[in-house]
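Asks: Sharing the feature lines straight out of Swiss-Prot:
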{"type": "DOMAIN", "residues": "4-236", "note": "domain 'ABC transporter'"}
{"type": "BINDING", "residues": "G36, P37, S38, G39, S40, G41, K42, T43", "note": "ATP binding site"}
Amino acid sequence: MSTLDFNKIGKSYQSVRVLEGIDLQVTAGSRTAIVGPSGSGKTTLLRIIAGFETPDSGKVILQGNPLFDQSTHVPAHKRGIGFVPQDGALFPHFTAAGNIAYGLKGSKQDKARRIDKLMEMVALDRRLAQLWPHEISGGQQQRVALARALGQRPALMLLVEPFSTLDTALRASTRKAVAELLSQANIASILVTHDQSEALSFADQVAVMRAGKLVHVGAPQELYLRPIDEPTATFLGETLILSPNIEPGWPDCALGRVKVDDATRQGQTRIMLRPEQVTITPLPSAHHYPTHCLAKIVSIDFAGFISTLTLSIIEHNEIVAIKTISREGIHVGLMVDLTIMGQAHIFVE
C-alpha cells in the first residue's frame, strides 16, 4: 500500500516551469531519496508535499486521503507529516527537551514520559535534555529535530539535507541510525539531497530529477548500474563512457572485448562502466604481455584513499582516466593489465 501518491504535479513561477508531470509513489515504511542538480525542482517538490507550496495542477494523496486536488488543499499543520530541515531549525530559547515537547499534547507527566521515549528512540543521552541547542553537537541537534518530528507520530517524514552540516564520519553513522529508526517505526520517508552516495545508501527508491521532471525512478543499484541516460549516469557517480562497435558476440572497445547487458544491440553505440568494474594489475615489465588490455600510466592524481590514473591504451592509442583505490607500487610509467568485471551498460539512443 502506498503512503504517498503524486499524480501529474505541475508548478510554475510566473513563466518559469519548475515542475512538470511529476508521478511518484512512496510505499509505507519505505525510504525514498530525491536527487538532482541545483534548480532541478527537488526542494519545490518537497515543499509541495509538506504543504508549504501549492501546485498548479495534479493530485497529492496521503494514505488514501487527498492533500491537494482541484477542490482540496489541506494546510501544512494538518497534514500529519514530519519535517526535518537542513540545520534542524531548533528553537534556541528552548532546551533539547523543550524542543522535543513542542506540539506534544497531554499532561506534564505524559509529556515527560513521551520525551524520554523519543530521546531513547533517537539514541540521545537523557542528560542532554536540559541543555540548550548551542550546547550540543550538530549530530545531537539533528537527533533532537528528528525526535521532535517523530513526536507528532507522522505517516511520512521529510528530510531536507539533514546530514550535510555534519562531518564525514558523523554523517555516515547518523544517516544509518536515522534509516534504521524510520524502518523500525514503519514511517515512510523522503530525503532530498545533492549527495549521490548518501541517496544511494539511504534509500530503497531513488528518484532523479532534472529540469523539473523525474527522469528515472527505481532501486538504487538499478539506477547506478543501468541508468536511463548519460547525464543520469554521470550524476550518480564516476563513469567510463566508451564508444564500441557492437557486432555479433562481445563488442570491442578501447579496453578490449566487453560483455554488455543487451546482447541484441548492434552497430555504433555508447556503453558505460563504473570505475570499480576495472581491475588494474601492475605488470613486472613491459615485456610481460597481458591476456586482457595493456596500458601505461601517464599521470596520477592522488587524493588520499582514491587516485585517478590517466592511462594510455597501447593497442588502441587512446587515453582513459580511471579512479581506483590508492596503493603502493603504482607510479607513472608503470605498465598495467586492465580487466573488466561484470557487464557494461548500453545506453538506448
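Positions of Cβ are set from backbone N, Cα and C atoms, glycine also.
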Asks: Let me know the model's mean pLDDT on the domain 'ABC transporter' (4-236).
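Replies: Per the prediction, mean pLDDT sits at 89 for the domain 'ABC transporter' (4-236).
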Asks: Write out the long-range same-chain contacts of K42 (ATP binding site), meaning residues 6 or more apart in sequence whose Cβ is under 8 Å from its Cβ.
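Replies: For K42 (ATP binding site), the qualifying residues are I34, V35, G36, V192, M209.
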Asks: With the ATP site defined by G36, P37, S38, G39, S40, G41, K42, T43, which remaining residues of that chain have Cβ atoms positioned within 8 Å of the Cβ centroid?
Replies: M209, R210
Asks: For the binding-site residues S40, T43, work out the Cβ neighbour count at 10 Å and name the residue with the minimum.
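Replies: Taking S40, T43 as the binding-site residues, the minimal 10 Å Cβ count falls on T43.
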Asks: Where does S40 (ATP binding site) sit by DSSP, helix, strand or coil?
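Replies: Note: S40 (ATP binding site) is coil by DSSP, not helix or strand.
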Asks: Would you find the one among the binding-site residues G36, P37, G39, G41 whose Cβ has the most company, meaning other Cβ atoms within 10 Å?
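Replies: Of G36, P37, G39, G41, the one with the most crowded Cβ is G36.
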